[in-house]
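Chemist: One structure is given below, represented as structure tokens, and several questions about it will come after.
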Amino acid sequence: MTDDTAAAPATSPATDVPPRVALLGTGVMGSGMSRSILRTGLPLTVWNRSAEKAAPLADDGATVAGSAADAVREADVVVIMLFDQDAVLEVLAEVAPALRSDAVVLQSSTVGVDGTRRIAALAAEHGLRFVDAPVLGTRGPAEQGLLVHLVSGSEADLAVARPVLEATGSRSVVAGSDAGPGSALKLACNAWIASITAATGQSLGLARLLGVEPRLFLDAIAGGAADTPYAHLKGGAMLSGELAPSFALDGLLKDVTLMLAALDGADAHDFDTAMLEALRETYAEASAAGHGGDDVAAVGTVFGLPTSPDA
């Protein structure tokens with residue numbers, strides 16, 4: 001997949017007609033993805049349980065549906081971007097009878113291994129075409145069409161979904177031909193995100209505690225083998241106390257919990273879960289202190305970093 005946007009809307013295989021798209025869930029990620037879809041000229045209908053979150057997308061050219069079933073009724077591709085597996089199961093059960101038989105469902109919520117298994121089973125029960133398609137990226141990449149899609153599904157279903165994947169992402173990593181590997185890869189990727197975010201906060205907090213200007217840590221790693229843009233992105237937010245969410249801390253806490261749950265069902269006798277358990281405890285501490293709705297950078301507050309710009 002590329003991030004280039006064409007002058008004319010992308011089309012599905014064997015047809016010159018742009019696919020009609022429905023997107024269910026217009027939170028931070030869903031709204032950003034919606035605007036990226038609309039920029040390419042694809043017709044889009046959106047729905048959100050809290051209607052006020054979907055309403056602004058009408059100004060960008062989306063049709064706002066009054067129900068999830070109404071949103072998907074004419075869609076060729078349906079994107080689901082909700083918080084957890086329970087929300088996805090509820091909404092998918094609601095819309096399944098209204099879906100066209102040839103529509104492809106892109107399930108982009110982070111729901112873990114067991115959640116994906118349950119959702120795929122529900123899709124199969126209704127005879128739906130289903131692609132496991134979580135994403136890497138936060139608010140900015142969603143709004144810019146620069147997400148990385150971690151997909152697993154049949155070649156035929158991916159071909160139908162390609163215009164939507166290209167509208168919202170810079171590339172796709174194909175993890176398998178059946179539902180499951182995409183979500184498993186997403187957990188592995190988010191384990192890295194959880195680790196490096198907490199480690200950045202720990203290093204900044206340690207520098208501060210030992211009497212060193214914390215920003216010197218970021219200066220020290222800049223350009224070296226240990227450097228990563230993510231440390232500077234989240235480290236800068238930690239130092240400024242600017243914690244407006246691009247990825248909410250409670251979302252990452254949920255994902256770490258999903259990782260541990262997946263290991264419970266895997267042959268994990270040689271996998272030490274101590275680090276994941278420590279990460280869960282650390283993010284849970286930040287959440288309990290009132291930072292669950294803040295950006296994941298709020299994990300730095302556990303290490304004595306600012307809780308707000310005024311702190």
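Every residue number used here counts from 1 along the chain in the order it is shown.
Cβ coordinates are placed from backbone N, Cα and C, and glycine is handled just like the others.
What you are looking at is a predicted structure, and each value in this text was computed from that prediction instead of being measured.
Under the heading domain '6-phosphogluconate dehydrogenase NADP-binding', TrEMBL lists 21-174. TrEMBL lists 180-299 with the feature domain '3-hydroxyisobutyrate dehydrogenase-like NAD-binding'. Look at TrEMBL and you will find LYS186 tagged as active site.
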Chemist: For LYS186 (active site), write down the residues of its own chain that are at least 6 apart in sequence and whose Cβ falls under 8 Å from its Cβ; none is a fine answer.
Modeler: THR110, PRO134, VAL135, LEU136, LEU150
Chemist: DSSP-wise, what's the residue breakdown of the domain '3-hydroxyisobutyrate dehydrogenase-like NAD-binding' (180-299) into helix, strand and coil?
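Modeler: Helix (H, G, I), strand (E, B), coil: 86 helix, 2 strand, 32 coil.
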